[in-house]
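Reading through the C-alpha cells given below for one structure.
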C-alpha cells in the first residue's frame, strides 16, 4: 500500500486520479474492444478484400476518435465527422465534374492511342491500363488547373473552419483528407471516378459503426451521468474547499506573511479549479438535449442545477477575495518600499498608510479583528459546509441509482431540516453575529449611539482593516443566501421527480446547430491552439422589432476615423464587404491561406507527369496530410506541434515495427500474433490518450504514437495481403518511408508558417492582454454608471418593483461581459505557453511580466465582480451616499481611472512608451487633499490635519489629538492656515456626528457599503500594479526631473503650503 501511494505521488495529477476511478477502466476496456474489432475486420481476408487498399484507415481512426465519450457527445463527434467527410467528398465530386468538362478530348484520344501501342497481349490489359493512369499518362493541363482551383478554395475553407470553430476541427481535418484524395488522384483518371473517396469512406464507416455499437452496448454511460459526476468533483468540491479553507484562513495571522501567502495561493488554485470545471461543464451541458437517459430527472432539470451552480460558484469566488486581498496588499506594500519599482514616487500613498497604522482606534488592526470574525462565523460556516456535503451526497446517490433503488443515506426530511438549520444560522448571523466586528469601535459612540467628536479621526483611520473584514462577512452572507436557493432547487426537483423514469431529448436540431457554431474550446485533440479573431470593426445589434426608423436606425456601425456612417445601400454593402475582408485577412484568415498554400505546394508534384508516378508509389498523399494536420496558428504552436508530433511518430514507428515483427517475424504475418502483439503495445498509448488532459503534450504524443503504430501494422498487413500497383513493403521498410513522409510534411508546414511573415504568439498575447484591459475598463464604466443612476433614483417617480427589475437587467449585462472576459482569459494561458516556446531572436521574452499582467487582470475582474455584486444588493440611498462621499467615486478620479485604462491599453497594444504620469494612488491622494482644502465634506481632512500637526508621533487613543501643539518651525502663515482648517474640521465633525450612529454602523447595508469601498480600493491598487508592470514592458517617455518635481509638489501639498 505504501509503495502504491509513493508511486501515485510521483505520477501527474491527471494520471493518479484516473487510475483510481472504475469508470476510467470501463472506458478503456470499451476503447480496446473497439480497436480489436477494427483490427479483426482488417485481418480477416474476406472483409479486407471488400475494404480494399485503405482497410487500415479504420484502425487508425480507432486511435484518433476512440469511443471513450458519452453516447450524445460521441454522436456529435460522429455527426461532425460525417458532415466533414461528405462535404469534402461533395466538393471533390464538383471538382471532378468541372475538370472533365475542361479536359481536351483530342489530347485524351492521343494519349490513349499512344499508351495502347505500348501494351502487350500476354499481360493483363486492365493492370497495364492502371499502370498508365498512375504514371500520369492521361494528365491534362486544363483539367489539372480546374482541380487546383477547387482544391485551393476547398483547403482554404476547411482551414478557416478549423481555426474559427474548434469544435468542428475533426470534421474539417477529415473533410480535407477526402478532398486530398479526390483532387490528388482524380486528375490521373481520364474518366469519371466519383466513388474514388470510397477507398477511405468505407473503412471509416465500418469503424464508426463499431464505435457507436461499443458506446451503446459496452459499459454505456450517459452525458447526464458524466455531468453529475463533474458537477460534484469539478465544481462543488472546489466550492466546499473554498468554504472550508476559511477555517485555516481565520486561524492564521496576516502578519505571518509566508503562511498567509500559501493560503492565498491555495485559494487562487481552488478558484481556478472551479473556473476550469465550470467551463468544462458549460461546454457539454448544451449537448444534453441530444440524448435520452434514465434517472430521477432529465436534461432541463440538470441544466437548471448547473445554471444555479454557476451563480453559487460566483459567490464562492468572492470567499477567496478576503485572503487574496490581504496577501496582495502585503505584496504591493513590499514592492512600493523596494528599490526596483518602475513607478514614480508615491509620497501621498505612503504618508496615508503610515498615518493609518499610527492613528488607528485600539483593537481595529486586522490581527485583532480576525479572531472576532472567526468566532462569529464559526457556526454558520460549519452549517453551510455540512449542507453542501449532503447536497453532494444526494447528487452522487441519484447518479449511482439509475437502475436500482437508492441507498437513501439521508432522507428528504433530513435535508429539509438541514436547510432549515442553515436558514436559522444565517438569520442569526445577519441579525446578531456580524455585529461582533463592531465591538472594538463601540467605545467611539456615546450612550445615544452618536459618534464622539474626539473619536471620529481615529475611526477614519481604523476603517481600512474593519472594511476588509466586512469583505469576508458580506461574501459569506451572499454565499449562504445563494446556497439556500441552490438547496431549495434540489429539494424542488426531488419532490417533482420521486422515481426514476425515461427522459427523452427535445429540440435536437437546435442543439446541434448551437454546438456546431460554438467558438469556445472544442477540446479537440488535433486543435492545439486558436485565436479569438473577432474583428475590431463589428456591427452593432439591429434595432428591436417595432422600433421607429426615424429614432432608431436598423443598423449602427462602429465609428471609423476614415469614413463616416454609410448613407446608401452601396456604401452599406461596401462596409459589410470591408468587415468580411477584415475577418478573412485576420489571424484565422491568414492561417487558412497558409493552409491552402502548403496544400497546393505538396499537391502540385502529384499532377505533373514527370513526378506523378514517383509521388504515387511513395504515397506523397500522406506527406500532404501530415503537413495539413501539423500546421499551427502561431509560431510557438508550430514549434510545439512539430516536436510533439515528431516525437510521437518516432516512438510509434519503433513500437509499430516491434509489434509487426513479434506477430509476423519474417513472414507475411499471422493474424493471431499480429492482433495479440498490437493490442498489448497499443494499450499504454491508448490509456494515456483517453485520460490525459486535452491538448496536453502527453495526450498529443500518445495520439501520434497510437496512430503511427496502427499505420505501420495495418499498412504492412494490407501490403502483404492485397495486390497494389505500388507496394510499400512492410515493417522497417515501411517505417522509414513513413518517417520520411512525416518529415517532409512537417517541414513544409514549418516553412509556410514562418514565411513570408510568421504569426507570433507573443504579439497575440500582448494584444489580447491589451484588449482585456479595454474590456475591463468598459465593464468598470458600466458598473459605475449604474451606481450613479441608482443614486439619482426617486421612488416617487417610479413604480414599485421597477428598481429591482432595472438591477436584475443590469446585473445580467454585467455577468455576460464578465463571462466573455473570463473565457478570453482562460485561453490566454495556452497562448502564453506557445509564446514561451518561440525563439527569442531579439532577446528573451519577459514571460514573468505577462503572467503577472494575466494575474492582475483576473484580480481586476474579481474586484469588479465584488463591486457589481455589492451594488446589486445596495439600497439606492446607500448608493447615493457612496457616490457622494467616497473620494474614489469623485468624477475627476473616475476620469483618471478611465484615462489610465485607455493609456495602458493603447500603449501595450501598439508597443509604445507611456507618457510621464502620476501613479493612480497619487491621483487619489491629490483629490483627497484638495477636497479637504476646499470642501466641508472632506473625508480625509483629519489625515491632513494630522500630517500638519504631528511628525512621527501617533495620536493618543484617549481622544486628545494634540491639535493645539504647533510643529517646530511653523510660520505664522502656516499657523493661520492650520487654524482655518481646524475650524472647518470642527464643522465637519459636528455634521458627521449627527449623521453617523451605532445603529447605522450595525445596518447590514453599511457592511455592503464597506465591501463596495474595499472593492473600489482593491481595483485601484491592482490598476496601480498594472501600470507599474506595463511601464517595465514598454517604457516611459523621458521627462527630466519629473520625479523630483512630483515629489516636491506632493510634499508641499501634504504640508499645506503654497508655492
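Note: Cβ is positioned from N, Cα and C throughout, glycine not excepted.
Among the ranges 1-25, 26-50, 51-75, 76-100, the stretch that TrEMBL annotates as transmembrane segment is 76-100. Looking at 126-146, 147-167, 168-188, 231-251, the range tied to transmembrane segment in TrEMBL is 168-188. Contacts between the transmembrane segment (200-219) and the transmembrane segment (76-100): present, as 3 or more C-beta pairs lie under 8 angstroms, all at sequence separation of six or more. Sequence-distant contacts of the transmembrane segment (700-718) (same chain, at least 6 residues past either end, Cβ-Cβ under 8 Å): 39, 42-43, 48, 53-57, 59-60, 62-64, 525, 528, 641, 644-645, 647-649, 651-653, 655-657, 659-660, 663-664, 669, 674, 678, 681-682, 685-686, 688-689, 692, 724, 728-731, 734-735, 738.
The predicted model assigns the domain 'DUF2421' (756-1036) a mean pLDDT of 73.
Long-range Cβ contacts of the transmembrane segment (168-188) within its own chain (Cβ-Cβ under 8 Å, at least 6 residues beyond either end) map to 65, 77, 80-85, 87-89, 91-93, 95-96, 99, 133-134, 136, 138-140, 143-144, 147-148, 150-151, 154-155, 158-159, 161-162, 196-197, 199-201, 204, 516, 522, 524, 526-527, 599, 603, 606-607, 612, 616, 620-621, 624-625, 628-629.
Long-range neighbours of the transmembrane segment (642-663) within the same chain, counting only residues 6 or more positions beyond its ends whose Cβ lies under 8 Å from a Cβ of the stretch, are 630, 669-670, 672-678, 680-682, 685, 697, 700-713, 716, 730-732, 735, 738-739, 742-743, 746, 749-750. Note on the domain 'Integral membrane bound transporter' (615-752): DSSP counts are 110 helix, 0 strand, 28 coil.
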